[in-house]
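Undergrad: Please see the structure below; I have some questions.
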Amino acid sequence: MSLLRRPWVLVVGLLLIMSYVGAECEEEEKEYPSRYPIAYFEWENVKIPMTICLWLIGASIAKIIFNLIPHLNELFPDSALLIMIGLIIGIIFKLIGVNKNAFFLESEVFMLYLLPPLVFDAGYFMPARQFFDNFGSILCFAMIGTSFNIVAIALSLWAISLTGLFSVETPLMHMLLFGSVAADVDPVAVIVIFEELKVNEVLFIAVFGESLLNDGVAVVLYRMFLTFSEIGTENLITSDYINGGVSFLVVAFGGIGIGLLFAFLTSLVTRFARDEEVKVLNSVFILILPYTCYLCGELFGLSSIMAIVFCGAAMRQYCRENVDPDTVKATESFIKVLSLASETVIFVFLGLSTVSSNHHWDTSFIVLTVVFCLIYRTLGVVVMCYFLNKYRLNKYTKVDQFIMAYGGLRGAIAYGLVVAIPDFIPGKNMFVTSCIIVIYFTVFLQGITLKPIAEFLQVEKKNVHSKNMIEHIYSELIDTTMAGMEDIAGFKGHHWIRDSWNALNNNYLRPILVNKNNMKEMDKTKLVRKYKHLVDEDAKKIARGDLNSNMVFTKALIEHTRSRTNTMIDGVSSTSKIDFTKHMKENFGVTVYDDHSTVPMTPTHLFQETTEVEYSVRSEINDNDGFENDGYESDESGSFHERV
């Protein structure tokens, strides 16, 4: 009985029952009734969607239970826990004799259905300013660093294979194919851990961007080496190698191009879908068109990962301006739900597939693969940072370099690629086994130890300080000044690039892609718009705090406002006085009387005068953020005290 009370046992049991029912029912033959039944059990009609729903429910419940167990989430990453659950279920299935094909994750299912929500979520919510400010460094890590890792791992393993140490004889082209799998860094596993660490923005965006684009580069090279293997090494000629190199650039940057094209199309569609009857379709366009972009990338042999990443990053700005805020909020929440569900199912199936895959164990090959992955990952990061630091203002420290090298976790994408290797490759089963061990090593050992190591090395944390209005203004001023200085010096750096992009965006792209009415509202006065946004943010912060601590300041502010109001309103026409009084009342909660009189500043009147804006902000917070006065409530006198 004590065993049944353990949450992880219940999770395994739930997923086991769901999977076993799906596996057994698919083998049952259809029986014809001899009498008319009261009810039917038509499993075959709902087998596929029901199995998907059961897996999603079971895996999601597993994640909830993990978060309820004390200290479990602090010690193990979610990815490691989900893999363990899948591994346990897979072992049980094997012991009871369930057909392994019933719980094997096909590469087509992974690449076409589970992967797109993950990469779209990463691209759509990508911190665009930091990403494009560091785009040159990220591109170097992703393209040069990944290519170096692939070639170095492959050449090292191939050179050792010439000694006859490995049990399967593998040519160089097949080793390059496996190298493209082993060098692939999984953005899902990396991003989750680094978000928990709250590392500084420079380090986070370097790891985030590199892992995101690394997938696209690795997949492009994987397909190139796979095509070379299908042609046959002995049949390759010089033009094939030249075409392969050109194809690498065409596929990678073609994927970016098709992503930008679909971002343009999505923004254009949402611009015209503004009528009440059709604007509900905006959510459909925001979700379906990027997925269509991914499929078009697959259709034309381009990098579908880069396509959907850049589609999400480029369309977000325009879609948010075209679509009403409630629809945007609901759509973005649904994107997060899809991403979380895909991530959960992938890692559970990764554990299951450990048992269901065909394996070939070669200790020497596996150990050397792990060692070479660690060595060349570290070497690539150190060498790239050495050259990049010569041209960077914010340089990568030695601690940053260590965390970047140690944080190169492998995951689901590497597994999806290795199981997609054709059966005619002699070392496929050895590659699958080695890839799974590399994933386990990085997710479990490196993933578990990354947080304590980062704390021990005192990695610089992210600055959680929220900028106020004057800081935003100074930041904009510095950007504009730096762009002007670069222009005067004749140096075209990233400030000049950003300034040129803003000019192109404001003069040409936004008039085409953004609804004119929305653009007029947005462009009335940029300073006023920025000021209003920051005032709203400051008001929310004040509302979340104890109002009593702000009472003295609020009283002085109202006295100053009334004094200025009495001065400003003199000599103004009666119509203007009415408009001005209404404006002050609606926007600032300040009542201006015809005789310029003031309300006695008793605590009750002061509270009523000063909390009009705060109450509206509190209502907004309650509606949107689930905020409930931050643990405070007001009594009849109008003062706040801590809720008991």
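Placed from the backbone N, Cα and C atoms, the Cβ positions cover glycine too.
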Undergrad: I'd like to check whether Pro77 and Val355, as annotated in Swiss-Prot, sit on the same side of the membrane - that is, whether they share a topological domain name.
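TA: In Swiss-Prot, Pro77 shares its side of the membrane with Val355.
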Undergrad: Any chance the transmembrane segment (365-385) and the transmembrane segment (108-128) have 3 or more Cβ pairs under 8 A, given the pairs are 6 or more apart in sequence?
TA: no
Undergrad: Using a Cβ distance cut-off of under 8 Å, indicate which of 108-128, 138-158, 202-222, 430-450 has the most pairs with the transmembrane segment (334-354).
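TA: Checked against 108-128, 138-158, 202-222, 430-450; highest Cβ contact count belongs to 108-128.
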Undergrad: For the intramembrane segment (402-422), find every same-chain residue at least 6 residues outside the stretch whose CB is under 8 Å from a CB in it, and list them.
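TA: Answer is 79, 105-107, 110-111, 114-115, 177-178, 180-182, 184-186, 188-190, 193-194, 199, 203, 206-207, 210-211, 215, 218-219, 222, 226, 230, 346-347, 350, 353, 357, 373, 377-378, 381-382, 385, 396, 428, 431-432, 435-436, 438-439, 442-443, 446-447, 450, 453-454, 457, 459.
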Undergrad: With the transmembrane segment (430-450) as the reference, find which of 79-99, 138-158, 174-194, 202-222 contributes the most Cβ pairs under 8 Å.
TA: 174-194
Undergrad: Would you kindly check 79-99, 138-158, 202-222 and say which stretch has the most C-beta pairs under 8 angstroms to the transmembrane segment (108-128)?
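TA: Highest pair count goes to 202-222.
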Undergrad: Please list, for the topological domain 'Cytoplasmic' (73-78), how many residues fall into helix, strand and coil according to DSSP.
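TA: Once the DSSP states are binned, the topological domain 'Cytoplasmic' (73-78) shows 4 helix, 0 strand, 2 coil.
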Undergrad: At a C-beta cut-off of under 8 Å, are there same-chain residues at least 6 beyond the topological domain 'Cytoplasmic' (195-201) that contact it? List them, or none.
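TA: Residues 127, 130, 400, 403, 450-451, 454, 459-464 contact the topological domain 'Cytoplasmic' (195-201) from elsewhere in the chain.
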